[in-house]
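Noted in TrEMBL for the protein shown:
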ACT_SITE  His184  active site
ACT_SITE  Glu289  active site
BINDING   Arg73, Gln97, Arg102  substrate binding site
REGION    1-26  region 'Disordered'
Amino acid sequence: MDRKHKPSAISPAGTGPQPSVHAEQGKVVASLPTGDSVEVLLFGATVLSWKSNGRENIWVSDAAKLDGSKPVRGGVPLVFPAFGPPPKDHATGKLPQHGFARNSHWEYLGSSSSESGKLSSGGDDSVKLDFGLGTAELSEEARTAWPFDFSLVYSVTLAKDGLSTMLNVQNKGEKSFEFQMLLHTYFKIDDISKVAINGLGSTTYIDKMLNATEHQQTDPSIRIHGEVDRVYKSIKQDTTSITQDGKPRLDIVREGLSDSVVWNPWIEKAKGMGDFEPKEGYKKMVCVEVGAVDGWQKLEGGESFEGGMRCTARY
Ligand SMILES: O=P(O)(O)OC[C@H]1O[C@H](O)[C@H](O)[C@@H](O)[C@@H]1O
């Protein structure tokens, strides 16, 4: 792959404390002088941890497999090029549920930093980690099942004001292809009974718990009292926020994406997942997943697409 940055261009000499980045045992870990940090597993380019103000914002199951034997249960698995079980009559039809990105070994392309410490403008105590996946890195099985020439660059930026994760998809071939993408983020929360999700009011959603029927979100605030699996479509507001005990906890801003999935497996589904531990863990997580999953995004040869999220932890 020819996308590598110059190695570790993150510490201009003669300046104050700088972000640190190190790669170890299949992971890349970056920290800011403030102590905020992010950890990314090369398998799936899965964000495993994002800490800000001494607090973990991401939930990972105690039984999650981190050895590449299956997608990580928790963190931020990347869904591409199909969301859910792919339709059999589509070009993604032979791929596993949620596609191959979360099941593939990504390449670490390097790190970089810029001037202001803010996600919106980059910063000298912000750090961006880039990861790449292309046709050449795919397993033989995935390449046969989805025979397109593509390149993904996933950029994870840790800044004073939060974490941004952006996926760039490029069609490097001549044939067009269609895809869906989603950042399947498991946010860590204190207690699901005290959580509300705001910013999805007046939006149409598909309720996968009710035979994939279409509904309208009338209440501006969503509370979770049981298994939830909903796909909110064409959302007008850019920001979805999670509150806890009525206080802001996390803001999630969609960038170039207009759909979001809200998922909590609750008691029975958690029991049925071998890699979901502790079983009571459903009380400590909620998935709010930004993406493009309503229909398909089409890229002609040479075209590219970018989408992701900007998250801010609030206290
Ligand atoms: O078990 P997984 O393949 O990781 O999928 C976990 C969940 O992902 C999404 O949130 C889907 O909407 C759910 O239907 C699915 O159960």
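The backbone N, Cα and C atoms fix where each Cβ goes, glycine too.
Largest CA to CA distance in the substrate binding set (Arg73, Gln97, Arg102): 14 Å, whole number. In this structure, Gln97 are the binding-site residues from Arg73, Gln97, Arg102 whose C-beta falls under 6 Å of some atom of ligand 1. Of all the recorded positions listed here (Arg73, Gln97, Arg102, His184, Glu289), the one with the fewest other CB atoms within 10 A of its own CB is Gln97.
The secondary structure of Arg73 (substrate binding site), as reduced to three states from DSSP, is coil rather than helix or strand.
Comparing the Cα of Glu289 (active site) with the Cα of every entry in Arg73, Gln97, Arg102, His184, these being the recorded positions, the smallest distance points to His184.
In this structure, Arg102 (substrate binding site) is part of a helix by DSSP. Between the alpha carbons (Cα) of His184 (active site) and Arg102 (substrate binding site) lies a span of roughly 10 Å.
Those same-chain residues not listed among Arg73, Gln97, Arg102 yet with C-beta within 8 angstroms of the centroid of the substrate site C-beta atoms are Lys70, Pro71, Val72, Pro77, His98, Asn103, His184.
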